[in-house]
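J.: Would you mind keeping the following structure in view while I ask a few things?
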Amino acid sequence: MSSSVDGLAGGGTALLFALRLHSAVDPLKPRLERASADFSTASPAEAAAMLGSLAPASSSISQMSRNVSEAIRHYGRCYWELSKARLSMLVVATSGTGFVLGSGSAIDIAGLSCTCAGTMMVAASANSLNQVFEIQNDAKMKRTRQRPLPSGRLSVPHAAIWASTVGIAGTSLLAWKANYLAAGLAASNLVLYAFVYTPLKQIHPVNTWVGAVVGAIPPLLGWAAASGELPLKSVILPAALYFWQIPHFMALAYLCRNDYIAGGFRMFSLADASGRRTALVSLRNCLYMLPLGLLAYDWGLTSKWFALESSLLTIFISISALLFVHDRTSKNARRMFYGSLLYLPVFMSGLLLHRRPNEHHELMISEPTTKNVLLLSEVEVPEGNSSSDGQYKQKKNSTCKQARPPVAYASVAPFPFLPVPLYASPDSLLPYWM
């Protein structure tokens, strides 16, 4: 009897701990508190009866835990699909590559992480808004009808709030941790994709080229986040992305013509029954990528090995496009599509492998924080030699002009009302007032 009482006492202690732990979330809190207060004074038989009566409380806790877990999985899956996470990660990869290319020999890992996070949020917002606007079209197509909005797993207001929240958060993060140029590029790309490209898909086939511009901006965003500027050589990767997207989407549009017709999207391939113009446009844009490797080397972005590797890679995808031109079948279109999937990661890997540090970025970070100004009192004036004295005066004047900081010029005419900087010698300003 004593052992059973001890066992019940031990169980009571564990029960009291569990009751206090779950009292904040359990809807049966008053009942549990009364049971814990009466447990210590109850007999063994009454204690056993009380333990049995509290079984539903523990089952409700486990049920609540299962509900929370299922809700997390449900919404996580919906947000993943709504954001087109795989496509968004591709955008992040191009933006991160642009950041590395725009950096010097040392890469700011924290800045790279913030840039990638901000880009991911903005891309997720754009893709979510795209699905909000195209819910009726997606419901008509076989490959998109199971998305969260057409299938009814999420409501349109819920998706719109999600898209707005992550879009604002991503742009704000880029403005805070990178610079306003990167944030401006992100915001403009979001507007271009959601409010220009998306409605244009139902109006005119030029939407493919507008979408190519959208895909070309993220590398510029990354470069701007790293260096705060966009020099000419920063357009190499965006140009490759722009030209690459044409054969990639042309192959996809040719393979999914029936789906696009059902969805009401006006793609280039729909007005080309034979597929000849679609194939020729794909081949032409593949050929446009041929000189990019040479330009990358000539402009100092990469070493000469990248020029060779890029040319061989472009010839490979051009051959797949040429086969599609010669024989316009689904097999050849699929071959060109898979070739485009291989081209982009290999091209970006080559850029990173053979890149040269951004010299202008190196110059900016190595700039000294203080400037040494030559003081006239520290210069020894030679005595008794008029020629030497004249040479000294000429040398002194040239030295003073070179040593004067740019701010000093703002303190003389035509702005005489500005105060003279403390580090500029008053004597050196006299000739400029006359």
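Backbone N, Cα and C define each Cβ position, glycine as well.
Whatever TrEMBL says is automated annotation, not expert-curated.
What TrEMBL records for this protein is below:
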- 85-103: transmembrane segment (TRANSMEM)
- 109-133: transmembrane segment (TRANSMEM)
- 154-174: transmembrane segment (TRANSMEM)
- 180-197: transmembrane segment (TRANSMEM)
- 209-227: transmembrane segment (TRANSMEM)
- 239-257: transmembrane segment (TRANSMEM)
- 278-299: transmembrane segment (TRANSMEM)
- 305-325: transmembrane segment (TRANSMEM)
- 337-354: transmembrane segment (TRANSMEM)
J.: In the same chain, who gets a Cβ under 8 Å from the transmembrane segment (85-103) while lying at least 6 residues past its ends?
T.: 111-112, 115-116, 119-120, 123-124, 127, 215, 218-227, 234, 237-238, 241, 301, 344-345, 348, 351-352, 355, 357-358, 361
J.: Same chain, outside the transmembrane segment (239-257) by at least 6, Cβ under 8 Å from its Cβ: which residues?
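T.: 94, 143, 208-209, 211-213, 215-216, 219, 267-270, 275, 278-279, 281-283, 285-286, 288-289, 292, 317, 321, 324, 328, 330, 333-334, 336-337, 340-341, 343-344, 347.
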J.: Mind checking which residues reach the transmembrane segment (278-299)? Cβ under 8 Å, same chain, six or more beyond either end.
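T.: Tertiary neighbours of the transmembrane segment (278-299) are 232-233, 236, 239-240, 243-244, 246-247, 250-251, 253-254, 268-269, 272, 306-311, 314-315, 317-318, 321-322, 324-325, 328, 336, 351.
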J.: Determine which residues of the chain contact the transmembrane segment (180-197) at the Cβ level, with the cut-off under 8 Å and only residues 6 or more beyond its ends counted.
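T.: Hits for the transmembrane segment (180-197): 115, 118-119, 122, 125-126, 129-130, 133, 167, 170-172, 174, 207, 210-211, 213-214, 217-218, 220-222, 224-225, 228-230.
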